[in-house]
Amino acid sequence: MDQIIVRGNGPLKGEIPITGAKNACLTLMPATLLTDQPLTLTNAPRLSDIRTMTALLQSLGAEVASLQEGQVLTLSSHDLNNHTADYEIVRKMRASILVLGPMLARDGHAIVSLPGGCAIGARPVDLHLKAFEAMGAQLDLRDGYVHAKAPAGGLKGAVIDFPIVSVGATENALLAATLARGTTVIKNAAREPEIVDLAQCLRRMGAHIDGEGTSTITIEGVQTLGGATHPVVTDRIELGTYMLAPAICGGEVECLGGRIDLVAAFCEKLDEAGIDVTETDRGLKVSRKNGRVRAVDVVTEPFPGFPTDLQAQMMALLCTAEGTSVLEEKIFENRFMHAPELIRMGARIDVHGGHATVHGTSKLRGARVMATDLRASVSLILAGLAAEGETVVSRVYHLDRGYEKVVRKLRGVGADIERIKGVTADE
Ligand code: UD1
């Protein structure tokens, strides 16, 4: 399998274009199942997770055409000839569960394998299922599959009050509610920009939705939805990741397409750490010119808090900071798997339950390290940019799930990074 080799070589300078959001695209694509009219998504990222969702939708009978080298996706679900999302596809990606709501809403029945995905904690789907039950669906868990049936006449609008904030469950409920009979109110809804993007796309398709971006979303069900063209919102996690590149090894990088409102809590922490972020006509410019980064404490929270998907990358930065930082992970209980790998590079980190204490050091050293999940893998690349000598990252297939052209983008700002094809050792 492929490896990525990084050699720390000082400050970075230039521009990095930010791609459309993986997590938005993965929830927008299943919206095709709600209509027999074509849905066109522009600004789509070219990633293996998107190919997995494409394969899943095709297995259900949707047609998916990829244009402009994958940046435009045209999806059409004239007839769904299969209502079973098979384990072989679903196990690769947890977001596969997002086909359940639309199929149930449109055709009244669906069978979906329980999902897999990144190994970052238990990650159940009980909240998704409770939402459908509230809308009148009958659910049966058999042989690792959820067998779901809507009541005669289709799903019914309901009040869905989530006990904890879940991005995926909010998305699934929102998708399903667009075609339910009557009004659905989602309380304690997730407020992530990807939810706002989904609501905007569904509205373009004819849905009646109010309150996205707040914790109460109200949906008036409609009989049918039509086609639409929708641009996928900027990937705030890719944005934050590349903002950390000049933060960790110095220099100045402009992230094209970046917006402060997508990463406000993250920018506050960068500011505390002594990193400059300025808005430009084309995006966000990040620079670190003098001195070491300062230690900061970070707590991950649902949006608008600090995103869990930037915790690993932030830890890489704080490994090089002056002083001691504490990172608290409140979303996923098992999300410090990058810590032992960073320690191999000379970082000083103690993990106790949901807390990681990072004692900054002025020097990281290159080492052979292994990616354990998507965000962990890119945190090792960031650390490698700041380390002395060579860092070899294996298991980079995790990276391909969520980062388009990472080598090309970092090379474009002067990083010494390459991808070696087909290395089998240690895999
Ligand atoms: C989404 C993102 C992921 C991000 C996460 C949190 C996608 C494709 N993935 O994942 O990158 O890290 O939001 O911002 O958009 N939970 C339950 N029961 C459920 C659902 C969730 O207990 O039915 C728990 C989870 O275990 C977790 C918390 O709720 O502790 C939040 O998870 P959730 O927001 O649902 O994450 P995902 O939608 O899976």
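Every residue number used here counts from 1 along the chain in the order it is shown.
Every residue, even glycine, has its Cβ placed from backbone N, Cα and C.
Annotation source TrEMBL lists active site, proton donor at Cys118. The phosphoenolpyruvate binding site annotation in TrEMBL covers Lys22, Asn23. Per TrEMBL, the feature UDP-N-acetyl-alpha-D-glucosamine binding site maps to Arg94, Arg123, Pro124, Val125, Asp126, Leu127, Asp309, Ile331. The domain 'Enolpyruvate transferase' annotation in TrEMBL covers 7-410. Taken from TrEMBL, the feature 2-(S-cysteinyl)pyruvic acid O-phosphothioketal covers Cys118.
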> Sorted by position, what residues of the same chain at least six away from Asp309 (UDP-N-acetyl-alpha-D-glucosamine binding site) have a C-beta under 8 A from it?
Replying inline: Ile237, Arg375
>> For ligand 1, list the binding-site residues among Lys22, Asn23, Val125, Leu127, Asp309, Ile331 whose CB atom is within a distance below 6 Å of it, in sequence order.
In response: Asn23, Val125, Leu127, Asp309, Ile331
>> Please report the distance from the Cα of Arg94 (UDP-N-acetyl-alpha-D-glucosamine binding site) to the Cα of Asn23 (phosphoenolpyruvate binding site), rounded to the nearest angstrom.
In response: 11
>> Limited to the domain 'Enolpyruvate transferase' (7-410), I'd like the whole-number average of pLDDT.
In response: 95
> Among all the protein chains here, how many other CB atoms are within 10 A of the CB of Asp126 (UDP-N-acetyl-alpha-D-glucosamine binding site)?
Replying inline: 10
> What does DSSP call Asp309 (UDP-N-acetyl-alpha-D-glucosamine binding site) in the simple three-state scheme?
Replying inline: helix
